[in-house]
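TrEMBL has this to say about the protein:
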type	residues	note
DOMAIN	45-155	domain '3-dehydroquinate synthase N-terminal'
BINDING	49-54, 83-87, 107-108, Lys120, Lys128, 146-149	NAD(+) binding site
DOMAIN	158-290	domain '3-dehydroquinate synthase C-terminal'
BINDING	Glu161, His218, His234	Zn(2+) binding site
Amino acid sequence: MKFGTLSDLSNLISELSPYKTVVLANTTVEKLWLDRLDGFEAERIVIPDGEEHKNIETVKGIWAKLQELGFTRKSLLIGLGGGVITDIAGFVASTYMRGTMLGLVPTTLLAQVDAAIGGKTGINFNGKNMVGTFYLPDFVLIAHETLSTLPRVELLNGMAEVVKYGILDRKVYSLLKKLGSVEDLDRELVKACVEVKLRVVEEDLREGGKRRILNLGHTTAHAIEKLSNYTIKHGFAVAVGLMVAAKLGEILYNFDPGKVEELLRKFELPTGLPFEPEKILGEMRLDKKAWYGRLTFVVPIEVGEVTIEEVEEDVVRRALEAVG
């Protein structure tokens with residue numbers, strides 16, 4: 001893990017001495033950052049922007065291009081972009097020739113604090129991230145400067161995951177309480193979020209136990225995303241999911257949901273359901289976090305302490321209706 005600038009990329013590459021280097025980016029990042037990379041030679045693969053392209057057809061196209069370029073197991077694939085790009089790059093690197101070198105340079109807040117950290121890769125297949133692997137990158141470069149070109153809506157999108165870490169960790173919660181607005185976001189807060197995730201992942205890479213706490217808010221979020229056909233941004237769906245989790249915490253453990261709602265409203269994130277509770281409940285039953293047909297939630301007990309619960313449907317329904 002390297003916190004630095006894009007100029008650090010050439011040194012990270014030289015340390016690996018790859019046979020070939022290929023940078024994977026989307027059309028948006030190509031215009032903003034691809035031409036600013038220097039100090040190393042690399043081929044480029046550019047794919048269309050958008051969650052709808054995070055699928056097997058895109059991956060097949062990248063595999064074919066890598067073959068055409070003579071890419072080997074000793075070659076390096078760099079994912080430069082947001083969560084869609086880092087997820088795809090990780091999946092491609094983990095599957096092509098049974099594994100190649102991988103570097104990630106997340107350029108969105110969401111990717112810097114979540115998607116690019118921890119070795120999860122995935123593509124959508126009849127549901128979000130239904131096909132994927134666990135594959136740790138050789139490096140992750142967090143270049144804070146890339147956030148400077150991020151549209152405000154994307155900063156807000158990432159702030160939902162930052163709020164999630166605030167529920168999981170008292171230090172992050174304290175930093176969020178002090179933060180005036182999303183525009184005041186600094187390296188310290190990003191680094192604090194990354195450190196929380198790294199601590200959890202070091203204990204449980206493959207999500208067999210503790211890592212599941214990082215799914216806080218995501219059971220509801222994935223249901224909302226699916227119902228919207230992925231037109232609702234991940235972070236905005238997570239924000240609503242955090243409210244549902246907070247209400248479950250109130251029902252089960254007397255958690256104060258106002259602590260979550262206050263942060264979500266401060267950062268202009270949604271707090272109400274975009275679909276009827278029963279529709280969301282139906283999608284939740286299909287979530288890969290539903291173990292043995294039960295609805296599994298990460299539930300806050302207090303700031304800095306959560307538990308993983310198999311929650312009865314009528315309790316989930318009450319929480320959904322309370323969020324409204």
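Just so you know, the numbers here start at 1 and follow the chain as drawn.
A Cβ is built for glycine as well, from the same backbone N, Cα and C atoms used for every other residue.
Shown here: features listed in TrEMBL, placed on the structure.
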| residue | record | CB count, 10 Å |
| --- | --- | --- |
| Asp49 | NAD(+) binding site | 17 |
| Glu52 | NAD(+) binding site | 13 |
| Gly83 | NAD(+) binding site | 26 |
| Thr86 | NAD(+) binding site | 30 |
| Thr108 | NAD(+) binding site | 26 |
| Thr146 | NAD(+) binding site | 25 |
| Thr149 | NAD(+) binding site | 13 |
| Glu161 | Zn(2+) binding site | 28 |
| His218 | Zn(2+) binding site | 25 |
| His234 | Zn(2+) binding site | 25 |
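Residues Glu161, His218, His234 make up the record's Zn(2+) site, and a Cβ search at 8 Å around their centroid adds Leu110, Asp114, Ala160, Lys164, Gly217, Ala221, Gly235, Ala237, Val238, Gly241 from the same chain. Cα-Cα distance from Thr86 (NAD(+) binding site) to His218 (Zn(2+) binding site): 19 Å (rounded to the nearest whole number). Under DSSP, residues within the domain '3-dehydroquinate synthase N-terminal' (45-155) fall into helix, strand and coil as 50 helix, 24 strand, 37 coil. Cα of Thr146 (NAD(+) binding site) to Cα of His234 (Zn(2+) binding site): a distance of 20 Å.
Ranked by Cα separation from Asp49 (NAD(+) binding site), the binding-site residues Glu161, His218, His234 are led by His234. When the Cα atoms are compared, Thr149 (NAD(+) binding site) and Glu161 (Zn(2+) binding site) turn out to be 19 Å apart. Separating the Cα atoms of Glu52 (NAD(+) binding site) and Glu161 (Zn(2+) binding site) is a whole-number distance of 21 Å. Rounded to a whole number, the C-alpha distance linking Glu161 (Zn(2+) binding site) with Thr108 (NAD(+) binding site) is 12 angstrom. His218 (Zn(2+) binding site) sits 19 Å from Thr108 (NAD(+) binding site), counting Cα to Cα. The DSSP breakdown of the domain '3-dehydroquinate synthase C-terminal' (158-290) into helical (H, G, I), extended (E, B) and coil residues amounts to 93 helix, 0 strand, 40 coil.
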